[in-house]
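What TrEMBL records for 14-34, 86-107, 119-139, 166-184, 190-211, 322-339, 359-381 is transmembrane segment. Annotation comment: TrEMBL describes 37-220 as domain 'CAAX prenyl protease 1 N-terminal'. Summarising the annotation, TrEMBL assigns domain 'Peptidase M48' to 224-282, 324-442. Look at TrEMBL and you will find 286-315 tagged as region 'Disordered'. Sequence annotations record features per position, and here TrEMBL assigns active site to Glu305. Annotation source TrEMBL lists Zn(2+) binding site at Glu386. Look at TrEMBL and you will find Asp390 tagged as active site, proton donor.
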Amino acid sequence: MLQEILASPVEDKIFYAVLVFSWTVYTWEAYLACRQRKIYRTTMHVPTELGKIMDSETFEKSRLYQLDKSNFGFWSGLYSEAEGTLILLLGGIPFLWKVSGILTARFGFGPEYEISQSLVFLMLATLFSAFTGLPWSLYNTFVIEEKHGFNQQTVGFFLKDALKKFAVTQCILLPVTSLLLYIIKIGGDYFFIYAWLFTLIVSLILVTIYADYIAPLFDKFTPLPDGELKSEIESMAKSICFPLTKIYVVEGSKRSSHSNAYFYGFFKNKRIVLFDTLLEDYSPLNTPGEKEPGTGEENEAAGNESKTKPKNKKQGCSNSEVLAMNSFLCFFLFAVLIGRKELFMAFGFHDTQPTLIGLMIIFQFIFSPYNELLSFCLTVLSRRFEFQADAFARSMGRSSELYSALIKLNKDNLGFPVADWLFSMWHYSHPPLLERLRALTGPKQKRTLKARSQNILKFLNIMVSLFELSLQPIKINVYRNCLE
């Protein structure tokens, strides 16, 4: 079998390499999920460190909830991988492109109207994805979330919301895609620079207008009323020179009882959004005499220091900067690869090379090893930023408040505090609860750096072996081309 693949045309090697890598990643993630499910099944008692802050009933609820989610993730992931494989093996992509051409021809648009055909193809592809994903979404919402007390939606509300999301997505996706394709076609030799700038500008615009114009189409956003909470947030923002302009409360309770908070914006225009479920049982956390274990005297000393010299320094590159640089690199490589006919032939396009299909093939399939590695690096970077943020809160004398907030969020969302180290390293963009609590209450030193580095090195050794195995057909082909 291997000899036949090695002797096959280059387009076949590309196709099989994509399939092998896809299933390699799926097998790897299934293995990680299996490790974590074992944690859910075998960890029956509250860890000693959480004995005073997490009761057995909440611990058991979170264990069962996460176990149900993990089992659901296994089956939905298997279906998704099988569906993607069948689409590739049965020629689903060129078939849908052909159907798109037939539909556009009925309206008088021939093959020369590639952008019009691309938009029809995109709409049909997203419609197919919405329909095949609907049963899984329904089960997740009305079985798992309902069983554990989180779902607040009716079936009618859910379906209406799904239709609205699809419509809004098309209203944004289709015009942006048509403009991107047009830029690529008229951009000349340096189209990748213009395409990158266009996507960067669109991203900035969407992030800026999301909470003001897009999110209110689905949820109600109201300004946080004047009071102690608003005053405390504004006072803290001012003390660290955080350019806070608005604070919103989003009505998330009509969908779910999960709670969360986030901020968004750029430069001097940052805004905070609090879920109404987070404020249902709000009470000031910093009341006299209430201090979390191990944070008392240390908080007072840090608090005195922060009053005189607060520091809010940016360290390294942010995720957005990394993603912007990555986007430029991807568009540059796309410009290099888009002329390779064998890439299109590998996926059933023997007579045509549509730009949209090229974007899909290169960004989704050819870049998949790079995307997986980048995703892991961003996860590591995000965890590093979380620890830095926690350390900054501690330096301000706010570790007790953060300690309480982390516990509250974990309890409200039935987060399970115990995680397999490998599963956590691959999936968690936020450090597990126990790690963050230890960092808040432990000695002020980089005591976890060596342990985290060792875990990362072990992980990278495993990943290098997997990447080498899955990319071997591509490497052999590249070497042969160089020799020729």
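From the backbone N, Cα and C atoms, a Cβ is placed for every residue, glycine too.
Note that this is a predicted model, so its numbers are computed, not measured.
Confidence across the domain 'Peptidase M48' (224-282), taken as the mean pLDDT and rounded to a whole number, stands at 86. Residues 114-115, 118-119, 122-123, 126-127, 130, 191, 194-195, 198-199, 202, 206, 214, 217, 355-356 of the same chain sit 6 or more residues outside the transmembrane segment (166-184) yet have a Cβ under 8 Å from a Cβ within it.
Below 8 angstroms of C-beta separation, residues 72, 76, 79, 83, 96-97, 99-100, 103-104, 155, 158, 162, 166, 169-170, 173-174, 177-178, 356 of the same chain, each at least six residues beyond the ends of the transmembrane segment (119-139), sit close to that stretch. Sequence-distant contacts (6 or more apart, same chain, Cβ under 8 Å) of Asp390 (active site, proton donor) comprise Ser399, Leu402, Arg436, Ala439, Leu440.
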